[in-house]
Amino acid sequence: MTLGFPTLLISSLKNHDDDLENDGLSLTKEQISWISSLNLICVPLGCIFSGSFATLIGRRRSMQLVNVPIFISWIIFFYSQHVYQLYIALAISGFTGGMLEAPVLTYVAEITVPKIRGLLAATGSTCIILGIFSQFIMITFLNWRIITLVSSAVPIIAIILLFFVPESPHWLIMKKRDEDAKESMMWLRGWETSFDNVRKEYEELQENLALARNEKPSFKNNVQEFGRRTFILPYAICSLSFFVGHFSGMTTLQTYSVMIFTDLNAPMDKRLATSFLGALELLGTLICVIFVNFVGKRKLAFVSTIGCGICFLLTAIYSIVINNMEVPASNFNLTNLELENSTGVHESLLESEVLIHNETMFGLELNSTIIAYNQYYWMPLTFLLLSALLSHTGIRLLPWMLVGEIFPAKIRGVASGLSGGTGYIFGFLANKLFLSMITLFSLSGTFIIYSCVSFIGCTILFFFLPETENRTLQEIENHFAGKTKLPRRLIKKSSIVPDTFPKDFNVKNWESNDKFVKYLEHVKNQRVVKTNAEIIKCNECDFDTRL
């Protein structure tokens with residue numbers, strides 16, 4: 001919700017809407033650029049402290065405490081009388097948003113069973129889009145100050161609801177609170193009343209954490225991990241994905257949507273169009289969550305990136321063509337034409353044959369021209385809304401799905417935070433530089449740049465992005481270590497070799513995981529115990545292997 005709020009501020013204060021409620025508060029061009037990006041640059045700062053904070057006091061308690069400054073930021077927004085107060089509120093919400101990264105993602109990973117872990121991890125991005133969409137919906141009906149009051153209730157509700165869920169069993173065991181950990185796991189596995197039903201999982205977790213506690217971490221070894229290809233290659237892929245996701249146009253469209261739709265003369269209310277934008281973002285996110293397991297991350301990323309690039313390119317071409325249709329106003333009879341005060345657009349545009357265009361959305365040019373009306377006025381709005389749908393089916397969610405699985409286990413927490421922080425820095429730069437790019441290249445030129453970023457980024461990802469869907473974390477780590485190579489296509493039934501088998505474990509004629517399961521069951525039933533040198537032939541499943 002805090003990520004979506006700058007869009008409301010910019011659209012309201014730039015156009016001097018609701019002067020009574022704003023008390024004269026308005027934004028200049030430079031202030032607009034800071035409003036759009038200040039919270040994003042503060043998020044990485046929060047990410048730095050997020051992991052240690054969650055480890056110190058617990059995942060659940062961290063989420064509760066971080067909601068307190070988020071509530072305070074909404075109250076500051078409501079009482080703001082000066083721009084610097086808006087800056088303070090944005091900085092607080094951005095920093096605390098970063099503080100939420102580790103406890104939320106870690107909590108979800110630690111409390112869920114493997115078969116639904118990926119799905120629930122992906123819903124994090126869905127919730128972000130849902131929060132942004134809620135802001136877009138409310139601006140259609142409410143004043144921005146009233147929206148801050150409504151939004152301030154959400155962190156309070158979150159704090160209360162978190163009292164009704166248990167702390168992570170993982171963290172409780174690490175803190176030697178075994179009885180609390182047992183109760184937590186029983187609750188999380190369906191309100192079990194008998195510990196025997198979760199005993200096996202609990203004992204395995206205890207064993208794994210015991211091994212981790214016995215390890216003596218070395219600062220030197222930890223630093224060396226960041227110089228190896230197992231970090232450099234995944235970090236480069238994540239960073240590229242974040243860069244393409246932000247500089248392919250969607251970040252600035254989401255933030256400056258009202259102003260962009262105004263400049264392109266969208267054939268509907270600009271705030272209503274922004275609501276449609278948020279709805280399509282949410283729909284695209286749901287499509288990604290549902291279909292990623294069936295088609296894989298690569299295909300979704302490529303369709304998303306190419307489609308988004310095409311949409312922005314066509315919008316840029318439309319803008320160039322329309323600008324070339326401008327003719328001096330003196331050549332037309334302007335009698336009986338009425339202008340809309342805020343945008344300079346004729347009120348009855350759809351019925352008229354001419355459009356008077358007095359100013360651009362960003363105030364970079366002031367002129368008086370006539371643009372001949374054409375029947376394709378709906379095209380830019382359609383293309384931009386379609387880009388919102390396409391970008392969120394792949395490239396916008398891709399890096400967030402990758403950060404939790406492509407880094408080695410030893411540095412996964414720190415590396416994921418570093419990658420997430422890098423992504424927010426790119427988001428800050430995309431919003432901060434947008435108005436400058438408009439000045440230098442015009443809106444159409446900026447959209448062409450976004451389109452080029454999409455096409456070039458898609459080409460690079462095609463050669464370097466492996467298909468990680470349905471792959472174990474160890475398989476992914478081996479790929480980036482250069483030991484094995486993951487295919488570029490989705491393998492729906494992956495060949496999973498348990499970590500407990502010897503390193504020389506060899507499988508021949510392995511066609512499916514089902515056959516492997518049958519083999520293990522056969523060996524177990526026969527009570528067969530063999531040495532490393534012996535070969536077992538399983539007639540039931542037609543399977544050869546060396547144990």
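One is the number of the first residue shown, and numbering goes on along the chain from there.
Using the three backbone atoms N, Cα and C, a Cβ is placed for every residue, glycine included.
Bear in mind that TrEMBL entries carry predicted annotations, made automatically and left uncurated.
Keep in mind it's a predicted model, so treat the numbers as computed, not measured.
According to TrEMBL, the feature coiled coil maps to 188-222. Positions annotated as domain 'Major facilitator superfamily (MFS) profile' by TrEMBL: 1-469. The transmembrane segment feature in TrEMBL is assigned to 32-57, 64-80, 86-107, 119-138, 144-165, 232-253, 273-295, 302-322, 376-398, 447-465.
447-465 is the stretch from 119-138, 144-165, 376-398, 447-465 with the greatest number of Cβ pairs below 8 Å to the transmembrane segment (232-253). The predicted model assigns the domain 'Major facilitator superfamily (MFS) profile' (1-469) a mean pLDDT of 79. Comparing 64-80, 119-138, 144-165, 273-295, 447-465 for CB pairs under 8 angstroms to the transmembrane segment (302-322), the maximum falls on 447-465. Cβ atoms under 8 Å from those of the transmembrane segment (273-295) belong to residues 4, 7, 11, 118-119, 122-123, 125-126, 129-130, 132-133, 135-137, 139-140, 253-254, 257-258, 261, 266, 381, 384-386, 388-394, 396-397, 401, 469-470, 490, 492 of the same chain, restricted to positions at least 6 beyond its ends. Count of Cβ pairs under 8 Å against the transmembrane segment (144-165): among 64-80, 86-107, 119-138, 376-398, 447-465, the largest is for 64-80. The stretch in 64-80, 119-138, 376-398 that contributes the largest number of Cβ pairs under 8 Å to the transmembrane segment (86-107) is 64-80.
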